[in-house]
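Q: Below are the features I grabbed from Swiss-Prot:
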| type | residues | note |
| --- | --- | --- |
| SIGNAL | 1-25 | signal peptide |
| TOPO_DOM | 26-322 | topological domain 'Extracellular' |
| DOMAIN | 42-97 | domain 'Ig-like C2-type 1' |
| DISULFID | 49-95 | disulfide bond |
| DOMAIN | 137-197 | domain 'Ig-like C2-type 2' |
| DISULFID | 144-195 | disulfide bond |
| CARBOHYD | 179 | N-linked glycosylation site |
| DOMAIN | 237-295 | domain 'Ig-like C2-type 3' |
| CARBOHYD | 239 | N-linked glycosylation site |
| DISULFID | 244-293 | disulfide bond |
| CARBOHYD | 273 | N-linked glycosylation site |
| TRANSMEM | 323-343 | transmembrane segment |
| TOPO_DOM | 344-410 | topological domain 'Cytoplasmic' |
């Protein structure tokens with residue numbers, strides 16, 4: 001059966017719905033997308049059509065956008081794996097399940113499911129003001145911005161199947177942005193967020209997702225304690241260990257430094273004194289700062305305790321001088337080794353060249369006895385001429401023979 005026939009059957013249902021009140025309403029199927037309606041270009045998505053009456057045959061139709069050839073002349077059972085998706089797959093889908101009690105043989109159309117394809121434009125940026133750690137009951141502003149002039153933005157939280165939140169972008173010369181105020185903050189609102197951008201004439205073709213932004217609600221549990229070993233004052237270049245502990249049964253501890261976005265995370269360990277503790281090794285330390293730690297549970301990774309009291313870590317010594325010294329050493333030492341190696345090779349090559357340039361033995365007449373007498377008295381001097389080492393044999397004037405050597409050549 002062609003898609004056109006199935007679509008006409010679905011439309012025909014509405015024309016005949018009056019005489020058939022028992023068909024439709026609660027009998028219409030339910031269409032869902034797994035793992036979600038936001039799909040990266042090149043990935044797959046499963047469309048599943050469920051009927052309350054247990055019928056497992058269904059057809060799919062796409063209401064807008066470009067047609068999808070793989071839907072034509074197809075009757076599906078239970079589910080349909082669609083992909084690798086392209087921008088052509090973006091749009092609104094419905095399904096009709098087989099229905100023997102309907103005059104058309106098909107149920108009413110299902111709920112609409114909008115498939116949005118990401119990766120069509122470059123990604124925007126997502127920020128949180130005043131920051132991603134939000135006290136319970138307070139408000140945070142999520143700002144999505146881009147140098148592309150997007151008329152629409154979508155805000156999506158990972159792990160939920162609901163459609164992304166659609167927001168109207170504010171255009172300006174440098175691009176576009178949108179601000180979304182979220183609160184009062186509760187654990188239900190915390191999570192990992194991403195945003196997307198789109199243009200008006202292609203609303204379901206989205207940009208690549210922004211980098212993930214973790215929104216954390218803090219202040220739900222009692223604060224842990226933070227200490228430094230061997231102490232909060234550290235010599236530049238040395239190591240320090242920050243210990244976060246509590247009698248609460250926290251699974252994970254988080255360590256953060258003021259004015260920094262990132263955080264360190266370690267699993268809590270039960271100590272003999274009955275506390276749950278995590279030790280964060282830091283170093284070599286070059287800069288100080290105020291540190292805090294938080295506790296959380298694995299079941300609620302975005303719900304943290306109150307922060308510990310701030311622990312100021314100070315660094316003594318000239319850290320800048322330490323950096324300069326280390327950097328200079330890294331440059332000078334390899335250069336000195338290379339220079340020594342090249343100079344050694346140069347001298348060896350020069351010495352070989354001097355030996356090769358000596359006169360052949362046949363052109364010189366040397367008395368063996370005279371030569372033997374002169375050898376211990378010969379002195380080798382190294383002369384530096386224009387940074388080049390040459391060797392010369394010089395006979396001391398006081399030791400020169402008074403009579404020329406006898407010519408023994410024939």
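From the backbone N, Cα and C atoms, a Cβ is placed for every residue, glycine too.
Small disclaimer: the values here were computed from a predicted structure and weren't measured.
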Q: According to DSSP, does residue 244 (disulfide bond) fall in a helix, a strand, or coil?
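A: Its secondary structure by DSSP: strand.
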Q: Tell me, in order along the sequence, which recorded positions from 49, 195, 273, 293 have their CA within 10 Å of residue 179 (N-linked glycosylation site).
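A: Final answer: none.
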Q: To the nearest Å, how far is the Cα of residue 293 (disulfide bond) from the Cα of residue 239 (N-linked glycosylation site)?
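A: Residue 293 (disulfide bond) and residue 239 (N-linked glycosylation site) have their Cα atoms 19 Å apart.
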Q: If I take the Cα of residue 49 (disulfide bond) as reference, which of the recorded positions 144, 195, 239, 244 has the closest Cα?
A: 195
Q: Compute the average pLDDT of the predicted model within the topological domain 'Cytoplasmic' (344-410).
A: 49
Q: Looking at the recorded positions 95, 239, 273, which has the shortest Cα distance to residue 195 (disulfide bond)?
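A: Closest by Cα distance to residue 195 (disulfide bond) among the recorded positions 95, 239, 273: 95.
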Q: Could you tell me how many residues in the domain 'Ig-like C2-type 2' (137-197) are helical, how many are strand and how many are coil under DSSP?
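A: Each residue of the domain 'Ig-like C2-type 2' (137-197) counted once, the result is 0 helix, 35 strand, 26 coil.
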Q: Is it possible to get the count of other C-beta atoms within 10 angstroms of the C-beta of residue 195 (disulfide bond)?
A: 30
Q: Which chain-mates of residue 244 (disulfide bond) that are at least 6 residues away have a CB under 8 A from its CB, listed by sequence?
A: 224, 225, 226, 253, 255, 277, 278, 280, 293, 295, 308
